[in-house]
Amino acid sequence: QVLAWGLRGLHGGVRAPSLEVQCGGRTLRTPTITNLATNPNFPINAFLLMLHLPAEEEYVPPIRLRVLDTRDFGYRPEVGQACVRGLGQYCCQPHGKGQPPSPGTPLPSPGGHRNGATSHWGHPCHLSPPHPPPHQAAEKKDEEDEDEDEEDWWSKFYAAMGDKTKSRRRTSRDRLKIYSCELEAVPEFGGLQDFCQTFPLYQPGGHPAAGEDPVPVGEFKVGESPHGEPQGRRRGTPGCTARWVFQGLFHIYPLPEDPGVPPPPRHFQELPPSQPQKCLVRVYIIRAFDLPPRDRNGLCDPYIRVSLGTKTLGQRDQYVPNTLEPVFGRLFEVTGTIPLEKDLRVTLLDYDLLPPDQEIGTTTIDLENRLLSRFRAHCGLPTIYRTTGPGCWRDQLPPSQTLEHFARARGLSAPEFNAEGTEVTFGDQTFLLSHFESGPPGHRHAEAPRERLALHVLHACHLVPEHLETRTLYNSTQPGLEQGKVQMWVDIFPASLGPPGPPVDITPRKPQRYELRCVVWNTRDVDLRDINLVGQRMSDIYVTGWLDGLEEQKQRTDVHYRSLQGDGGFNWRFVFSFEYLAAEQLCVLPRKEHFWSLDETVLKVPPKLILQVWDNDKFSADDFLGVLELELTRLPRPAQQPQHCTPTPQGTPQNPWPWRGVQTPSRFSLFRQRRARGWWPCTVQEGGKQRLSGKLELSLELLTAKEAEERPAGKGRDDPNMYPTLPAPVRPEWSFLWLQAPLRSLHYSIWQQHRCRISLGLALLLLLALLLVFVYAAPGYLAMKLVNPLQSLHLASGERH
């Protein structure tokens, strides 16, 4: 039996070709294709050729294929030929009575795996047990806590890549399969040529010249019954080297010797429509890697161009600058008629300031093979059926109708569901929903049991799952050399099946702008590095702060002068604006590597606040007193009192209410809590160890760009001084400068420590002064007492009278 599907790629003015199949002295001629431009398929596809062949395989003659064109006056020139040898590999057993005429891939077994099992069609059945229940008891709690609306397609992608930091998914129920090769190269799908195969047609007239490869003039597509049995290689004309390897195309089986016994049922009874189909093609380009450098800086600026037939999509200004591993996240939708437009080309080009741009590499996808393959390669099967929310069903038919379509394509009876939809009979086997799910679905957007059960059965039939394929790029200027790889997938939706579901949103994650407000209130126990005029240790304290990677936003407080105990008061606000990618928990920092660079390079770093305490010096470099680094996604819980602030946070902080049995986690995310206030320790590195060098009282507040606009706040204590209002700090009077208040500075720097000695000294000075006055005045006083001039004066006046 032969399934002659059609001819592809004929050139040279071929008008109305037909095919001749010659083997064992018999010739089979197909009807003529009247118009290659409108339908390159044969009007009749399945043929039966009765042959007498020897039992020994080595004596079996080859099958010769000849393509003949129809010209004027009955002239039929030969335009292409091919030869198939080793027909023993195409031998199979005929169908038995009561068996389906065209079975496809093996059906699943509801009872589990049976090693070495053989199907009733005479071919090995690769039976597998149902998929493990995705709703295990251990995952139920996580699924209940998980907010599905926060998930996106990229979370599923990074979870499949094994990057848990970017996926942020606690369960793996919605899975994505990532293939490290092309979908055609996956062994379990047989090159996606289980229905249609390709033969190269070589020009007639002998062998090619020595050292030259034969030039095919077209392709002859033939098909096989979808048994999936091992097939042989495709071969060309004698002496010509086949350039590809193919599976078998023909089915050879013995007929009963008794003429009274009816012949077995034929293959190829359930065939897809041979008329061209108008299809919607969605091309999802995720990323590329291992690209060769094209620019002088060792990088390139790649962009995508997708072409199908005469349609080309992709704009050169949508390039990713300065990278060899671009992340595109682009969706292209294009309509085409298959097989007239079957070759999809995806090309990566390097953007140059002045065109033309350089081609990096191209990959070509045969859409017809994917559309006709019984592995259902035109649209991968998701793990979960959902009509709302993230991961919405994108196919044209729901799972139950898809299962009916799957059965009809294989000549099987339609599946029969019970009233509740928890049991289905399919292919003489019964499946229960309890075989696949151990309990009620844990996700929010669960659909009816009928659809969930149908989807489980489809997955057990070894069809193409929701996937991502990795395709190799090649350049015609360097044939055979890989030019990088691109990860992508393609969905094909025939218009005859109705409109498809919404496309998958693979837009790259966009960062959100946040504003961090950090208020430095006080310091305690800061190291004292200076010595004043009277020998006291002190420090002139100030604090600087910035976000890691944003050093240009560095800010500093004013100076708290002459702190004698390491205490400082600031009431100073830092304001930092940054872009944050919540799904990856990273800050996005676009910057230019050089001032002459035309495009910015994106750098991603964890959100980290860095605060440093310094001692201000006038005539020398400032002294470093300590540093505090706070990662905003894993913020250590602050102490409420400075005496409880330690450089190494305890694993389990003290519970202020032990009778409640509640343990507070030692770390939290500021992006969830939004506000925090308390004491954090500053440390300094000495001798390979960290030492506590001070304590900072901070309040941290995280706002979105909209919230920051609604609640403005200035830096430091500038206007608008709100949210919260920061008063001027109450600092000791001795902390002022000498030039501003010299007497006050002397009062607090000398009197506070030496007032007893000063008082005693003043008392002694006063006593000494009194003593000196006494010594000075005593001689005159004694002389006056001895002479007594007043008495002499009185006596003299009396004598006169």
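Glycine is treated like the rest: Cβ placed from N, Cα and C.
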### Where TrEMBL places region 'Disordered' among the ranges 218-238, 638-658
638-658
### Residue counts (helix, strand, coil, in that order) that DSSP gives for the domain 'C2' (262-380)
6 helix, 54 strand, 59 coil
### Summary
DSSP composition of the domain 'C2' (496-645), residue counts helix/strand/coil, works out to 8 helix, 82 strand, 60 coil
### Message
I'd like the per-state residue tally for the domain 'C2' (1-101) from DSSP, helix first, then strand, then coil.
### Response
10 helix, 34 strand, 57 coil
### Task
For the domain 'C2' (262-380), provide the mean pLDDT of the predicted model.
91
